[in-house]
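Undergrad: Okay, handing you the structure first.
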Amino acid sequence: METSVSNVVCSINFGQRFQYDDPCFRKLVQSIYRFSEIGTNASAVNYFPILRRLPFPELKEVYEIEKTMKDFMYGMIENHKNTKKPGINRDLIDGYLHEIDRRKEEGLNDEASRSFNEVYLYHTLSDLLFAGTETESTLRWGILYMIKFPHVQAKVQEELDSVVLGDELPSWRQRNKLPYTEATLMEVQRMANITAIGFPHKTTEDTQLFDYFVPKDTSVFINLYSVHVDPTQWSNPDEFNPERFLTEEEKVYNHPALMPFSAGKRACPGENLAKMQLFLFFSAILKKFRLTTTPSNPNPSLEKHYAISLCPSPFEVCAYPR
Ligand code: HEM
């Protein structure tokens, strides 16, 4: 699943998808997931950066991963520099390189123009690849909830079968006719809380927020988890219940307190892409397979496992073709 989800971002970044057994692509994807794991584990060096001078084994691995990422991305950038054509944007790299050229030709030297360079391009490409892992974690939660709550899975499949006929796969255009499937994904996102405290931000000036004074340069985290379990917003917040996102007329109810992509100026820019990916992957899997627990692990845990996002702990699943 990691490779198929990452391939979507690859087609935006590099204008191409990779074969799932391509060794370079596999290495890149494995590096991204491993990096997320190491970057958030309990190692002392993650909390006291000064310790990076000591020979921590994780650090050696991080530097190796960084090299893998850099070799791959700069190789792609170099290749695009040699093959790009004026006025044609095959992908994000082309668009970015053209913007660097334009700003140079126009002699622009403001702060924004100086930030258009290959180092920023490398970081933009890797940020997007890392961000794509959020979608994959959400899908894993979706599968876990479906095997834990087979009656919900059966209802999703009943709805899918009534709208998506024969051997076809669900399409994005059909989602309006699949409210229960959409509501299930919303409930998965509320329960999973994969970005429970968003990303860290810092106040750029003294700020008064209702009764609270927040001085300049304070680190600020938005507690999305608390919003998603707030009993003033949700009845029985600990219960997995997709129906809470349906109106009496069985239409999707966009509850204002559901905000897995956060809010405000720094909210997730990948929200629309992620929603599309989640819907298409989740509905295609459930259309084609009945998912169950395995005899060796009949009651998988819903405990969260902390990587860059909150993932489910590893679990087994049986997928029977439908
Ligand atoms: C289910 C999937 C996803 C979830 C739940 C999610 C959630 C979030 C959240 C909560 C933030 C932090 C917002 C804040 O700091 O207030 C964020 C930031 C971000 N996300 Fe996503 N995201 C998802 C998928 C994606 C995808 C697919 C992309 C792009 C390919 C993406 C790109 C980004 C970027 C670049 C930022 C940083 C934005 C900034 O700092 O201004 N995300 N995401």
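Just so it is clear, glycine is given a Cβ too, placed from its N, Cα and C backbone atoms.
In case it helps, TrEMBL gives these features for our protein:
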- C268: heme binding site (BINDING)
Undergrad: When DSSP is mapped onto helix/strand/coil, what comes out for C268 (heme binding site)?
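TA: The residue in question, C268 (heme binding site), is coil (DSSP, three-state).
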Undergrad: Restricting to the chain of C268 (heme binding site) and a gap of 6 or more, list residues whose Cβ falls under 8 Å of its Cβ, or answer none.
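TA: Long-range Cβ contacts: A131, F261, S262, A274.
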